[in-house]
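*Asks:* Can you read through this structure? Questions will come right after.
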Amino acid sequence: MDHGENPVSIELQEYAEPVPQLLKLISSNEVAGFDSIMEGETPVFPNPTNSSQPNGHQRKISISISMPSSPTGATSADTKNVLFVQDNAKGFKNGVPESCVGSKAKPKGVKFLSQPMPKGSVFGEGANMNQNPNVKKFKDKRFDSFKTWSGKLERQLTNLRGRQQESESEDDSVRPSENEALPVDRYFDALEGPELETLRASEEIVLPDDKTWPFLLRYPISSFGICLGVSSQAIMWKTLATATSTNFLHISLTVNLILWWISVALVAIVASIYLTKVVLYFEAVRREYYHPIRVNFFFAPWISLLFLAIGVPPSVASSLPVALWYVLMTPFLCLELKIYGQWMSGGQRRLSKVANPSNHLSVVGNFVGALLGASMGLKEGPIFFFAVGLAHYTVLFVTLYQRLPTNETLPKELHPVFFLFVAAPSVASMAWANIQGSFDYGSRIAYFIALFLYFSLAVRINFFRGFKFSLAWWAYTFPMTGAAIATMRYSSAVTNVVTQTLSVILSVVATLTVTALLVTTILHAFVQRDLFPNDIAIAISDRKPKSHRRWFNLIRHGSSEHNADIDTFLKFANGDTKDIEAGLKISSAEAK
Amino acid sequence: MIRSMASQRSQPEVNTPQSSRFTDRIKRSLSSILTKFHAGYFRISLSLGGQALLWKTLIGPTHDKSTLRHLVHKFHPTAFLVLWSFALFILILLSLLYILRCLFYFKMVKAEFLHHVGVNYLFAPWISWLLLLQSAPFATPKTTSYYVLWWFFAVPVVALDVKIYGQWFTKGKKFLSTVANPTSQISVIGNLVGALAAASMGWKESAVCLFSLGMVHYLVLLVTLYQRFSGSDRIPAMLRPVFFLFFAAPSVASLAWESITGAFDIASKMLFFLSLFLFISLVCRPALFRRSMRRFNVAWWAYSFPLTILALASTEYAEEVKGSIAHLLMLLLLALSVLVSLGLTIFTLLNTRMLLPDNDPISTLHHLPTVSP
């Protein structure tokens, strides 16, 4: 991307350009009610810490950290209590919650007037609160670099309430380097793993890794995967109830209704939490956008909305207005213009470098949009998106099948992300069937490709082991559900025992997977309480750690790199003419 | 270097009469033109040929009953004749120059052939001739002279195909992954234009043959170009306008398929939409073209042909779909292509001196293997 090539300190506003679209549309589509979905996060709400409140300091010292996004007051009362630990008691404005609920056009700033801005949240660690306030202040500030405009937004908002403003001169040391776009190479160098989540041993992060970070900083965009998973389930149960070939099962539409409302709620919750993150921690959102894998999840909100529209129960709305399709597809179009353009222009984010199975999320949305449009009766628009999706899917599919050596992000072992391979052909087959009016040869070809990929992954189920659970796994369930739905469509066209059995089996498998995932999620949320671990991937530093530190790490870890380094060091020390080249090579390697 | 050798050949003697000094000066300027000239200059004739085809389609018979088409229909046939003659004149001029270059500076032509960007422009003359043939105001497609001319122009295209496409997957140093660059799509366009012309003659089989050749290689090329193994350093920044070829190829494919099947069906629509998407995608990235827009050079003509072909495809689409949005799109693209072509023509006529610069990317690339201006 061009941005990466011009490492000039750029104003945040420039990067805010792609985001406003998202902002506008999320806020107009979502109910503005916040809720804390993860009750497991209540440890976030600290014990009322009246004790260790140093007085006469800026409100930064306030340890009252609720999720700032709960003006509805729906959360427990203790949060409200905590909020009053302030210098001036202009605390919680009780009038605000009512105005928040249900209003769409409310300016974002108002939502947070009710709460003090949690500067440098210190969570649940009572010990820290007794420390020297200056140390605490320093630590709190370290999260500032991730806040929108490095915390200036919060200061502005608190200024609106007439609080005292302290000088922020100490921030300058932390801030400057964080405002530049991280080149994609940094992500590849610093992270590893199939989802590029784990930090390499030699890297360090810019946020403290021994503390739990603020909740919003730990809330990744891949949480939208839950919306994808559940809303696709709603569609599946709707198809089960309405498809002719599965009539023998006598499934009622109530299941679809329930699941649909749950999905709506989920989408609203997740979107509003993420919207809060966008407003408060814009820098973190930017870093997620530049992450080569997370960027694909930026398509997930739009795909979820499309799924909601496809899966709408007949009792809620028998037909949707056509304008809705245009409204949903416009931000999607803008986003994909940006991402595909990056692939084509051959900069640092070109496809041969960043291709990974999550890219399927960027492509499958085209087919989902085509499916929805065609089912609404539109003609040209769906064909447009189908064509674009098909061309780019071909490119992506070939690239991923090639497993290019220049490609670093493909996991060597199997990982649930590979199920995304099944998503695009199955949705494409349904979309084509809707466009053409019947499940013709084109759809069948696509469907069989999807089926083949599904089975070739299913028989390797033994290799899907040993991976750390993450919320993104929800996103990988929707291909299974999609394959089940496509099978049902196919069996409606070709009705015999085999196809019907297959559709039942696939639906059962999909439901079981989703249930298992739900159980795991709940386990992680409440029992292990690590559903949202510190999001290392966004906190990588913008340059490699210094060589002396690397040397220190090598000594500590004693890896094989150590030996190689010793060799080169010795060669260098000899001072031969031949070794001048070795010396030069060392210096270039160090300088890298 | 070759240029200095050329100037030595035309070294004037001291005591020659006025006329031979004059002829020597002509010879010198001619040789300097010939040395700087290369196949990339056929972009001009490509664009003009494209415009001629566009206007011939617009004033031709149509099922489109909209007012817009009516308005355009009023374009005077004489004006079209003038346009076509101008295009013919330019093409003849360029072809003559290139023939002279082949005769006198064959080594340079050979160097062009061996260069990964220059070789693709060797298709350009034949494409231009095919376009002009198809847009000729007097030639009817089913006459013998038309057939003969089609053969004359299509055979070199196929010959070049065999050579270049074969190299892609057989020859060591010229594998596709190393030589692929956006101008490689010109070879695909060549096949597709040949198919277009063949279908208008009624020769369905040749048309389908050329179409399938073009599409198969387009598929391979699309994937390779999107992958961008070596990043954008395969072409110098001054040649960035050739990125517009990304949406030229699907547009020509859409037109060719329409000629073959007789109607603008779903496959043509899909190709048209793909090219529209790529067009919007490129237009949204002006930064990509900034470096190439600093100084006028013949690469700017690379903007015109793709726009013209896209406009042509959009007129066919509007004729098929008959909606107001489609006609609006057609109007927009028509206006854009006419403006760009006109602008480029005027700019070129005003700046003929700059047309043959010393540091043109393709001609200088013969001397240095990789150069970035």
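Every residue number used here counts from 1 along the chain in the order it is shown.
Glycine is no exception: its Cβ is also placed from the backbone N, Cα and C atoms.
Automated prediction, rather than curation, is the source of TrEMBL annotations.
From TrEMBL, here are the annotated features:
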type: REGION; residues: A:158-178; note: region 'Disordered'
type: TRANSMEM; residues: A:216-237; note: transmembrane segment
type: TRANSMEM; residues: A:257-276; note: transmembrane segment
type: TRANSMEM; residues: A:297-317; note: transmembrane segment
type: TRANSMEM; residues: A:323-340; note: transmembrane segment
type: TRANSMEM; residues: A:361-378; note: transmembrane segment
type: TRANSMEM; residues: A:384-402; note: transmembrane segment
type: TRANSMEM; residues: A:414-433; note: transmembrane segment
type: TRANSMEM; residues: A:445-464; note: transmembrane segment
type: TRANSMEM; residues: A:471-490; note: transmembrane segment
type: TRANSMEM; residues: A:502-527; note: transmembrane segment
*Asks:* Compare A:297-317, A:361-378, A:384-402 by their Cβ pairs under 8 Å to the transmembrane segment (A:414-433) and return the stretch that comes out on top.
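*Replies:* Looking only at A:297-317, A:361-378, A:384-402, the most contacts with the transmembrane segment (A:414-433) come from A:361-378.
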*Asks:* Restricting to the same chain and to residues at least six past its boundaries, which positions have a Cβ under 8 Å from a Cβ of the transmembrane segment (A:445-464)?
*Replies:* 413-416, 418-419, 421-422, 424-426, 428-429, 432, 439, 479-480, 482-483, 486-487, 489-490
*Asks:* Between the transmembrane segment (A:216-237) and the transmembrane segment (A:297-317), are there at least three Cβ pairs closer than 8 Å, leaving out pairs fewer than 6 positions apart?
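*Replies:* Contact confirmed: at least 3 Cβ pairs fall under 8 Å.
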*Asks:* Mind checking which residues of the chain, 6+ beyond the ends of the transmembrane segment (A:502-527), have their Cβ under 8 Å from one of its Cβ atoms?
*Replies:* 38-40, 226, 229-230, 233, 236, 240, 243, 245-246, 249, 469, 471, 473-474, 477, 480-481, 483-484, 487-488, 490-491
*Asks:* Does the transmembrane segment (A:384-402) reach the transmembrane segment (A:361-378), going by 3 or more CB pairs under 8 Å (6 or more apart in sequence)?
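*Replies:* When sequence-distant Cβ pairs are counted, the transmembrane segment (A:361-378) touches the transmembrane segment (A:384-402), since at least 3 lie under 8 Å.
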*Asks:* Going through A:297-317, A:323-340, A:471-490 one by one, which has the most CB pairs that fall under 8 Å from the transmembrane segment (A:257-276)?
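*Replies:* That would be A:297-317.
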*Asks:* For the transmembrane segment (A:297-317), what are the same-chain contacts with Cβ under 8 Å, counting residues 6+ beyond its ends?
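*Replies:* 22, 26, 29, 220-222, 224-225, 227-228, 231-232, 234-235, 238, 242, 253, 256-257, 259-260, 263-264, 267, 271, 274, 288-289, 324-325, 328, 331-332, 335-336, 358, 361-362, 364-365, 368-369, 371-372, 375, 472, 475, 478.
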*Asks:* Do any residues of this chain, six or more beyond the ends of the transmembrane segment (A:471-490), have a C-beta under 8 angstroms from a C-beta of it, and if so which?
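*Replies:* Cβ under 8 Å, 6 or more out: 195, 220, 222-226, 228-230, 232-233, 235-236, 239-240, 243, 245-246, 297, 300, 307, 361, 416-417, 419-423, 426-427, 429-430, 433, 439, 443-444, 447, 450-451, 454, 499, 502-503, 506-507, 509-510, 513-514, 517, 521, 531-532.
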